[in-house]
Amino acid sequence: MKIAVLPGDGIGTEIVAEAVKVLDTLDLKFEMETALVGGAAYEAHGHPLPESTLKLAMAADAVLFGAVGDWKYDKLDRPLRPEQAILGLRKHMGLFANFRPAICYPELVGASSLKPEVISGLDILIIRELTGDIYFGQPRGRRTAVDGHFPGAEEAFDTMRYSKPEIERIAHVAFQAARKRNKKVTSVDKANVLETFQFWKDVVTEVHAQYPDVELEHMYVDNAAMQLVRAPKKFDVVVTGNMFGDILSDEASMLTGSIGMLPSASLNTKSQGLYEPSHGSAPDIAGQGIANPLATILSAAMMLRFSLNQPEAAARIESAVGSVLASGLRTADIWSPGTTKVSTRDMGDAVVAAITKTIKG
Ligand code: NAD
């Protein structure tokens, strides 16, 4: 099992070190190789995704990714910015399905900004399509308007588009995921206004015919944004496009208490995947040893389950995280009175100790 380890920038190096420590504790044989990505790679090689890093990622069964970015790179040309490394990896590895499970651990019910009864027991899965939508559609750019409300004015434009096979494959992923859970898919669109999302709705409905055991509901994105904070437990699997998924999955992260708790997986058709926390490089707290490593550790668990076919090891990590939280240890982002504040490294050590206990036990 070959894992490419790409820590990246900011807190990326701190949190990935803890996830690697956790993987090393398991009685499994991994070949792990580390490479630079993002701003760190730009500093060393002049590019955020050097050829050598890309080659390593492509040859691996899975990529464990930290985070990239720093405000100091904001003035670079867009292709050289750290964030381009993620887009490059998604493109070259053919990653099209982004899984973000939002689970509220009982011990963190108080850390969420929502009422306990709204989020306790929450376990939903957001599946975001990654290859299409307005993020990649051509043409795009700036020009002088020839029509509209201000002809002759400077304007910018993007193109929203989805092909039928793109929608079909993400719909299949969502229905299959729902079959292993509570058998309900909510497809989020804006079919009342956008042609692209009327098409999305039609294609998802067509694919649904192959999954009669799974319930399908359609929901407009504005309503979905509201329902996610009003009654999130009504959802099971949510499937949506690239842009709506980007926004809704960050909204869902706050249901779990902190963005530092939310793992993610991006998969291609061969189950090769990129696993990363849902948060960024957090330059505001980088180097202080206070970042929460649990989203990255839980991403490593997803890696074991989805790409490395080690579901038992994944469950061992997840239950270790649960027992560490139950013991009252918290990083600063999830700390509340009556619990014990620990550093990034202490939190990683505690998860390692909990796993070691189950192996010995
Ligand atoms: P961010 O997710 O890095 O941080 C948002 C807030 O959450 C900050 O206050 C931060 O301290 C906190 N936070 C994030 N992760 C945490 C953790 N594990 N533990 C405790 N607190 C945590 O988002 P941002 O500030 O908007 O972006 C910072 C940089 O990260 C930017 O350069 C952005 O482009 C980049 N970014 C990268 C990725 C990625 O690598 N996949 C994703 C999002 C943003």
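A Cβ is built for glycine as well, from the same backbone N, Cα and C atoms used for every other residue.
Here TrEMBL flags 2-351 as domain 'Isopropylmalate dehydrogenase-like'.
The annotation substrate binding site is assigned in TrEMBL to Arg90, Arg100, Arg128, Asp222. According to DSSP, Arg128 (substrate binding site) is assigned to a strand segment. Of all Cβ atoms in the shown protein chains, 26 besides its own fall within 10 Å of the Cβ of Arg128 (substrate binding site).
Secondary structure at Tyr135 (site 'Important for catalysis'), taken from DSSP and collapsed to helix, strand or coil, is helix. Around Tyr135 (site 'Important for catalysis'), the same-chain residues six or more apart in sequence whose CB sits under 8 Å from its CB are Asn242, Met243, listed in sequence order. The site 'Important for catalysis' annotation in TrEMBL covers Tyr135 (among others).
Residues or ranges marked as site 'Important for catalysis' by TrEMBL: Lys190 (among others). The number of other Cβ atoms within 10 Å of the Cβ belonging to Lys190 (site 'Important for catalysis'), over all protein chains shown, comes to 20.
Taking all protein chains in view, 15 other C-beta atoms sit within 10 angstroms of the C-beta of Asp250 (Mg(2+) binding site). If you look up TrEMBL, you'll see Asp222, Asp246, Asp250 marked as Mg(2+) binding site.
Residues annotated as NAD(+) binding site in TrEMBL: Gly280, Ser281, Ala282, Pro283, Asp284, Ile285, Ala286, Gly287, Gln288, Gly289, Ile290, Ala291, Asn292. DSSP assigns Ala286 (NAD(+) binding site) to coil in the three-state reduction, placing it in neither a helix nor a strand. The 10 Å shell around the Cβ of Ala286 (NAD(+) binding site) contains 18 further Cβ atoms across the protein chains shown.
Annotation for the binding-site residues Asp222, Asp246, Asp284: lowest Cβ count within 10 Å of the residue's own Cβ, Asp284. Under 6 Å, Cβ to nearest atom of ligand 1: this is the test, and of the binding-site residues Arg128, Ala282, Asn292 it is passed by Ala282, Asn292. For the binding-site residues listed here (Arg90, Arg100), the lowest count of other CB atoms within 10 A around the CB belongs to Arg90. Those residues noted as binding substrate (Arg90, Arg100, Arg128, Asp222) have their most widely separated CA atoms at a distance of 27 Å. According to DSSP, Arg90 (substrate binding site) is assigned to a helical segment. Long-range Cβ proximity for Ala282 (NAD(+) binding site), meaning a same-chain Cβ under 8 A and a gap of 6 or more residues, is found for Gly10, Ile11, Ala67, Ala291. DSSP classifies Gly280 (NAD(+) binding site) as coil under the three-state reduction.
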